[in-house]
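Worksheet for the structure shown next.
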């Protein structure tokens, strides 16, 4: 377009009605005539360059109406009109060439990052800079992911047509399928047996955990809804996937180091919550540990998860895990997606991922959804347990292991007897974010956690008060038989003591761990983890009090990692019923069995952990020996150790000599 600056020569512009607007002699017009001319000019500019060009003209029009005279600098108006026109042209260019502009920006970013990466490597050679190994690892992982994604996007169809499809067609034969299936089963059995034997040879007492696993499976079969119609593929597939996760994390040194590293990074990441807590509550916020240290962690983590959802990262991770579970277990896409979602979000948030399918689900599928919710914990409360001092790597491991186990337990406890209406749905589209930007997503995530934080605080106040009252009642009745120490915890400790022992807990610790299981089941897991953290911190700090062995602590961590308690029944029904109001009666009919399945799923996970973790020596004659003990499995499974010199210094500096 040519220059539109206003000169002394008349400038004629055609209007939509083929009339002309004389801009050159505007100064000769009366105010009323000038207003009419501007209206025509505005319409013409809107026709030529779009809506954005009329903004300044509207301002000119308003000014003329208020002053009733045509005044102002014609050069300024011309400059602003030119700016708006060129801005509109730029916007149109970017819109029309969006893909090219994106590619240019990506290439520019890659060059900038490459320059930064090379600079970091150069400066990393000096002793004054931070070690560049983490940056190199991160760069390699991201580059590999982007490269594979690019190759799959551009050559994926060719790979499917030329490689995958012929391979699948070659095994379509029923005989070939059976041979491959039994070969896979044989490989899995041999692998598992070799792992179990290698562990048991070093520690024969770990066979107790195998007995516990068998006992829990028999218990599920005994209480199964339709024992004669049990389909073993999802059950064996679920337990196989769970065992594979356990071996990778607990037996393989590389896998454990990965999760140990992730656990450390989670702890560091969550520690940034203290900055906000200190700002809101002051420097002495640690004096009120739970209210001002633990609960704010949930707010921060909820904010972070909301941002990941907005960016689509969480949907991608959940989708990949769901695909693996669907492939291994043969469950529907909706069941697998909900089970995978339970690893990261809560028992009422995960079903939102499959909300359109809840109305069409069979009772067995609804049971699987509810069991998955009971058998896992949300990321927010996991963060709170980490702040208690519970090992983050084992909480992460338990969350991952419980997802396939919950599906296996569900299909064993409530087998499918109906024809699924959603079995042909092999893919569920990711839900797009409703937020306009990252800041809005972060703010919404923080606000959404307010209800969760308030609910946790209210439940703790209510349940601890109720527990104190129940203990007072038991103590009152116990006083009549000369046993005033009778309490709810004492009863639970003996009822669940055999269960704890079958999971692999040492007999001397079985009563304490049984007590924790009872508290988790009848009250909630938050109270149980709070008490477990006291035992953990007592051992770490060499303080006076009850001390559990490190192995018993780890098994208890796995056993408590789930929402399976009586109070969660109302939470699940309250969350699922509004999503599927027509299935309210079905949900109510399977909720108790789902609760039982969630409890047993956690116990099975703890049994597998007890099988693969090597026993700690019984000799704990001194705090120094206990804290410096290193747990080593057949492939060097290492636990955190504390330097004996530091422990000795702590003991000496905190010991008061008698006067």
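Quick reminder: no glycine exception, Cβ is built from N, Cα and C everywhere.
Pulled from TrEMBL, these are the features on record:
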- 211-283: domain 'Concentrative nucleoside transporter N-terminal' (DOMAIN)
- 292-389: domain 'Nucleoside transporter/FeoB GTPase Gate' (DOMAIN)
- 394-610: domain 'Concentrative nucleoside transporter C-terminal' (DOMAIN)
- 1-28: region 'Disordered' (REGION)
- 104-126: transmembrane segment (TRANSMEM)
- 132-152: transmembrane segment (TRANSMEM)
- 182-201: transmembrane segment (TRANSMEM)
- 207-223: transmembrane segment (TRANSMEM)
- 235-252: transmembrane segment (TRANSMEM)
- 289-311: transmembrane segment (TRANSMEM)
- 323-346: transmembrane segment (TRANSMEM)
- 366-388: transmembrane segment (TRANSMEM)
- 460-481: transmembrane segment (TRANSMEM)
- 487-505: transmembrane segment (TRANSMEM)
- 555-574: transmembrane segment (TRANSMEM)
- 594-616: transmembrane segment (TRANSMEM)
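Within the same chain, the transmembrane segment (487-505) packs against the transmembrane segment (594-616): three or more Cβ pairs sit under 8 Å, each pair at least 6 residues apart. Most Cβ pairs under 8 Å to the transmembrane segment (207-223), among the stretches 104-126, 182-201, 235-252, 323-346, 594-616, belong to 594-616. When each of the listed stretches 104-126, 289-311, 323-346, 594-616 is scored by C-beta pairs under 8 angstroms to the transmembrane segment (132-152), 104-126 comes out highest.
Residues of the same chain lying 6 or more positions beyond the ends of the transmembrane segment (555-574) and with a Cβ under 8 Å from any Cβ of it are 346-348, 370, 373-378, 390-391, 394-395, 397-399, 401-402, 459, 463, 500, 503-505, 513, 516-517, 520-525, 528-529, 532, 548, 587-588, 591-592, 594-595, 598-599, 601-603, 605-606, 609-610, 613. When averaged over the domain 'Concentrative nucleoside transporter N-terminal' (211-283), pLDDT in the model lands at 89.
Counting Cβ pairs under 8 Å that are 6 or more residues apart, the transmembrane segment (366-388) and the transmembrane segment (594-616) reach 3 or more and are in contact.
According to DSSP, the domain 'Concentrative nucleoside transporter N-terminal' (211-283) comprises 63 helix, 0 strand, 10 coil. By the Cβ criterion (distance under 8 Å, sequence gap of 6 or more), the transmembrane segment (182-201) is counted as touching the transmembrane segment (235-252), at least 3 such pairs being found. The largest share of C-beta pairs under 8 angstroms with the transmembrane segment (235-252) comes from 594-616, of the ranges 104-126, 460-481, 594-616. Mapped onto DSSP helix, strand and coil, the domain 'Nucleoside transporter/FeoB GTPase Gate' (292-389) counts 80 helix, 0 strand, 18 coil. Sequence-distant contacts of the transmembrane segment (460-481) (same chain, at least 6 residues past either end, Cβ-Cβ under 8 Å): 290, 487-491, 523-524, 526-527, 567.
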